[in-house]
Each structure stands twice: as structure tokens, then as C-alpha cells.
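Peer 1: Below, the features straight out of Swiss-Prot:
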- 89, 107, 108, 109, 110, 111, 502: ATP binding site (BINDING)
- 887, 889, 898, 899: Zn(2+) binding site (BINDING)
């Protein structure tokens, strides 16, 4: 019987249905234009892009250009890829353009959908970023969809790790740039550590389309991107402490699996104090509760978490002697990603790996704050409605369910719950054997590498052929996914490994054709293609007759969304399929989040071994438990964002000021304003307002003026003069400091001085910001304890971080003023020494090339294109070039990037 809500929905339609219906007239308009665009030749499509671009630049709204742009893009895709976009794909593209999340089921062609809003927004010339979850997809999509953009007369670029700077800048300068979320975030941080605007890669944050948006903006929201530098080596301490942890008994600590925290009990602390003292780690007479013991306590707690919370082959693997983290949501390895605050080092000690030095944060940003930089943000995923509240609350993004092109034919079974893990796995193996016998391909979803390999062993014992896709086999990922839809295939995958690649019934035709051509290179490729297409059609039909892809999940995830993603691998584009979840009361989710009630009920029912309970209300009960977990995780992310927003406001100020300085030709006025502020603070400190002359610290001010301003004035005599007050003292100090810096500028030359001021200011900003980040990290780690004193930790953090920020700015002004006052031109001897060092560095960098080019010749003739009389060792022969002029050595580089660095 339908409830009132269901009846109302059937009569009036849901809000989502009404939203989709509202754009149907625009889609009809695009369809009406199709014959007109089909009549264009290839040059006509490119000319249409030029026309639309001019109209956009002349102020015509993109919404008004949308029908023509979408019609042009559809025709280009039809010609370049042989794919004609369905109406539902146009609807998805339209909502992306409007800054929404388009929820589109697996196999509905999200990659093609992204080209429509990307093309439309690319007309402005301000750049569009299409964001994917891994480098493979970024490169694949840029090459694949790049054909469409080329047909439209637009440029496409791809950004990837360790890409040469020049190539990266060119990629960002394209109309459409494909990149991973990680690389975009890191490039943003790197750009804000550059020395000049010309060195920056990104050119702004205009419009972004985020593929698998739930994975990036929800799952990874709590993970900050950090650029870090090494700090002191404490590997001996990690190893020493790691030897103590195996001695710890269960009553010495408490473990909270929900929050993944481990803490020592009072009894455990007593045991630790005794053991650490005996081992010589804790100095004699020192207690764990002493302030001096903070570092040791931090390391011991990390070691406990490494042993009791983090499990090998689940959260990480050991490969080539290194601890490599595994993404808990995708099952993929994350090389290069490290846990912070010494936790990674603790795991390295546990596994006996080489301990890498701890790092200090140089710059950081969370995805939550990075993606909020964009003027317009859109996203695509197969599952977003369960997190619609979070998308709306944090990112201001609405979620629109896009209808499928064909009705979903997949059968979704109710969950089967067993008493024990053994019973569950026995049933799974039996079910896989039945499906395999009739030729139905099976995709088995597991939650960890360990469990995927354990299930693999069970299938081997049962003589069932299978493939395993986890972090260890990531190189074969594309091949394994391509074969997963073949007749009788059995594929075990961790969570969502292979996400982003469709599992096609009968296997991936293109892969099969490439393999056949490679196996017989002398044969006619067209003949092979025709033969393979016929064979594939037969195989595809056989798989459909066997029931399509069977997705069999071995556990429920904390998030319903991850479960829905796994389920969505089956039944793409109206194909038949089936999905089942096999659970046990020993599963992590069931155990942690209360399986006691269910266990009692199963006892009451008198269930026998091997029997399962299968009922819709079990599904409802589990979904309620998952919804609770999702709500708790959302609250954590929301609270973390409030803390990060405090730092984000400060980050925007610092990065904004830094960019202004990089873009300014002359910052002499900025340097003078800083110096004047330092002088005012100095006078306030040593000649406090409303005080008499005999209360002034004139000797302290004289010393401060010498140290900070580089000037020596008879300040001690000012106290005896009539009419000298704060204002007069400030004027005298400012005048003397201005004269001193003017004389210094004359020695260096105006252009050189401006360059020095800029470099000193940028370097000092970076140094102070790094120190400030470290201070904020420490504040963040302790401010939670203020709650015990009935004080709001967030308000305390806001207040103190603002005070720390002001203190950082004061320190910045003082340091810049002092550095500029102390800097001196190089003597000829120092210049020669610097030259020798540079020659050594150049030789080391150039290697054999440097030796070959030198060829035993003298300095003068080593530069055949140099200006007349040029001698490398004698700057007086260089002709006084400007920083942006060509270098006099004839290298073709700008002076500032060549010999100008010596100045």
C-alpha cells in the first residue's frame, strides 16, 4: 500500500522531476537546431566556435549561447568520436553549467557530458578545469575528449605530477585543462610559493567540473594537501619506542574503533613511565606528565596507534621497503602521500622500514577550501543524493538526479545476514560457483587487500578461476576491468578499484581488437575489427542470457553511497544484472555499530548454521545505522571546516598580498610603510605615551635602531632636549632611516634595489607563514581541552589565531626592515667567490654537456654570441643590462635567469 507521500509524488512528481522537466524546452530547442549544424562542414564548426567566442567576449550571456553551443558540441562529438549525445546527457551538461551536481548512473556517458559545459564556459577564454580522481583518467579523458575540442577549434591540456614547468603552464593556458584534484591543489600551493607571476602555472579559478565529485569533496574532504620540508631526524627515537609497544598489555590502553583512536589508561601510563625510564628514553627523574615529556608522549601515542589501529594490507602496504598508503575508498595505492605528525614514521618503525625524516608544513589547503575558490563549480557522480545536505551546506551545490537513457533492469536482492564470517564466505563461494557455472560474470567487492586475497585463496581451493584487483595489481587495472564482463569471469576488487572505467558485457571490444592486432600484426586490421565485432556481439548476448553482471558485495561500507557505487557497476545502459550483499555479525560495521539486537533476534528465530536472514527490514535497519555514521562523519567534516576556515581567511590574505607583491614593479613604498610601522612600534615600546623623559629607555631604543634600522643616532641626548616627544622622535628616526636606505639604493642601483626588496619580502613572507602554520597546528592540537573549562574551543581558536596572525605580521615587518637595513653590495672578492660557486653548480647541473661546451677554451671565447668584450668573471664588462634584457653572455636567456642571478 502506498503512503501519502508516495501518492503525492505519483500525482505531482518529485521536486527533482519538476526541475528536469523545466529544462526540456531548452533541450527541444537544441534538437531543432541539429539539422542546421549537421549541414556545416568541419571548418563551419570551427567558425561557429569563433563566432560564439566573440559574442561571449562582447557581453552576451552564456545562458543565451547555450543552445547553439550545445548543438555545435554534439555535432563535433558525433564526427570526432562517432557518439551522438542523448537528451539526458544534454540535461546533465546543462545542470553542470548552472553549478549543480548531476547524479548520473554508471554507463550513462559522464565523460562526454562534461564536454558540453566545458565548451560553453571555455568560450570566455578564462579556462575550464575538468577534474578526475587519478592521472590515468585525466590523460585518457584529455586524449579522448580532446578530439571533440580540436574539432571545435579549442585547445586541450592535461596536468600531471612531475610535469616540466613550461609544459604545465601551457596546459593551464589551454581552453580546457584535465587534471586530478591532487595536482590542482598542489599547483595552487606551489604557485603561492613562486618568486614571480611569470613562474605561476594556474591562471585563475573560473569554472570546474569535478568527476566523481562525492569521492573528492566528501571522502577526501578531511585530508589536507600539504607541501612540506624535512626537519630534524628522530629515527632512533621511533625505533626505541617501537620496541616498547609489544610489551603493552590490553589493560594498558583503550581502543575506539569508531574514531580510530588509541589512548593509554592510567595503569598504562605508569607502565610506560617505568619502561621508558628503564630503557633510557625518559630521562631520570622526569615524569610523563612533565612539559618536557610532550614529544615522547606524542611519539608513544603514535606508536600505539600504528600497532593497534593501522593494519598492514588494509590501510597500507609495504612495497620495496616503503610504507605506501592505500585509499580506503578506492583501494588504490597513494605513493608519495604520507600521514603527518609522525604517524607515518611510527608505522615505518613498526614494519622495520627505513624511517623517512618528519616534515614541517610549508603550505597547506583542504579540498573543501580549494574548490570553493572557483567562480562556478559543477560535479558528476553516480551517487550523490545521500550527501545532498552536505553538498548544499558546504559547497552551495544542488544535486539533480538525471534520468537514465534506458530503464534500469538490474535486480537488487535484499541483504543476506549470516551469524559468522565463515558461514558468510562459504555461501559466497557457493554463489560464485553457481553463477560461474552458467557463465554469468561476477564482480566481488571487498573492503581491504587482506580480505580480497583471503577470498581469492578460498576460490582457488574451490578450483574457481578468478582475477584480483587491488593496490598490488594496480598496473593491470585497465586490463582486469576490461575482462570483468566476459562470459564466466570472476573478478575480486577492493571497494571501488576500477571506478571510472565501464565494465562492458562480453568484455571491452576495443581492448580485444588491440590484442588481436598485436597478436597478428601482418593481418588486415579492418578484417580483424569486423571479425571481433561479430564475436563480441555473440559473447555479449551470451552474457545477457546468463543474467548480466552479478555484483556480489562481501560487506556493507560505513557509507551507503559507496555501497550504491558498487551496486551501480551492474545494469549499465539498461543491461540486465544483479546485485547482492552478503553480511555477517562479525563484519566491522555490524560489530562496531551494534549487532547485538540482531544477534538476539537470530537466536530467537533459532537459526541453524549456514542459514541467513533475508528480509527488507534488515536492509532498512542497516541503512539507518549507515545514515547515523554518515551524519556523524558530516558533523566531523563540518566542524573541521569551521576550524580550517579560520586558517583559510588568513591564507587568502597572505597569498593575496604575496601575489600583489609579485605583480608589482616597485615595492619601495611597501618597504617604507613597513619600516615606518616598525619605527612607530619601537617608539611606543621605548618611549611609552604619556611618560616623562626620565622614564624612557633611550639606550634600549638606540640599540634597537642600530639592530633593526642600521642607523646610529644620539638618542640618549634626546631626553635632555626640550620639545622632544614621541612625534619628534618618530620623525627623526624615519628621516634618518629613509636617508640610510636611499644611500644604500644608490650603491646597488635603483633596479637592483627594487629586486632585492621584492625578494627579501617574498622570502620573509614564506618563512613567517610556515612558522605561523606550525604554531596554528600546535594550537589546534591543544585547544580542544578548553572544552573541559566550559570554553568553546572554536571561539578560543578564532581569538588566539587572530592574535597569532597579528603577531606574525608584526614579526614580518620587523624582519623585512632588519634584513634590508643589513644587506650590503658584494666586494670584488665576494663576487669572485660567488662566481666560482655558480660555475661549480652549473657544471654539476649540466653534467657532460658543460664539459663539452667548455672544451678547454678561455672564458671570453666560451661565449661565442656574447657582447663585445664580455668576460664572465668581470661584471664591469657586462654592459649594465636590465633584469628583463637578454643576458650579455649571448645564451638567449633573460639576464635575471642567467648571469643576473650572481647579483
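Every residue gets a Cβ built from N, Cα and C, even glycine.
Are these features on the surface or tucked inside, and what touches them?
Peer 2: Taken residue by residue with DSSP, residue 502 (ATP binding site) is part of neither helix nor strand, so it is coil.
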Peer 1: Would you identify which of the binding-site residues 89, 111 has the most other C-beta atoms lying within 10 angstroms of its C-beta?
Peer 2: 89
Peer 1: Around residue 110 (ATP binding site), how many other CB atoms lie within 10 A of its CB?
Peer 2: 23
Peer 1: Could you give the Cα-Cα distance between residue 111 (ATP binding site) and residue 898 (Zn(2+) binding site), in whole Å?
Peer 2: 44
Peer 1: Among the binding-site residues listed here (108, 502), identify the one with the smallest other-Cβ count within 10 Å.
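Peer 2: So among 108, 502, the binding-site residues given, the one with the fewest Cβ atoms within 10 Å is 502.
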Peer 1: Could you check what DSSP calls residue 111 (ATP binding site) once collapsed to helix, strand or coil?
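Peer 2: SS state of residue 111 (ATP binding site) = helix.
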Peer 1: Counting distance between Cα atoms, which of the binding-site residues 887, 889, 898, 899 is nearest residue 107 (ATP binding site)?
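Peer 2: With Cα distances computed to residue 107 (ATP binding site), the winner among 887, 889, 898, 899 is 898.
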Peer 1: May I have the list of same-chain residues other than 89, 107, 108, 109, 110, 111, 502 whose Cβ is within 8 Å of the Cβ centroid of the recorded ATP site, in sequence order?
Peer 2: 104, 106, 112, 113
Peer 1: Measure from the CA atom of residue 898 (Zn(2+) binding site) to the CA atom of residue 109 (ATP binding site) and give the result in Å, rounded to a whole number.
Peer 2: 50
Peer 1: Spatially speaking, which of the binding-site residues 887, 898, 899 is closest to residue 110 (ATP binding site)? Use C-alpha to C-alpha, please.
Peer 2: 898
Peer 1: For residue 889 (Zn(2+) binding site), what is the secondary structure state per DSSP, taken as helix, strand or coil?
Peer 2: coil
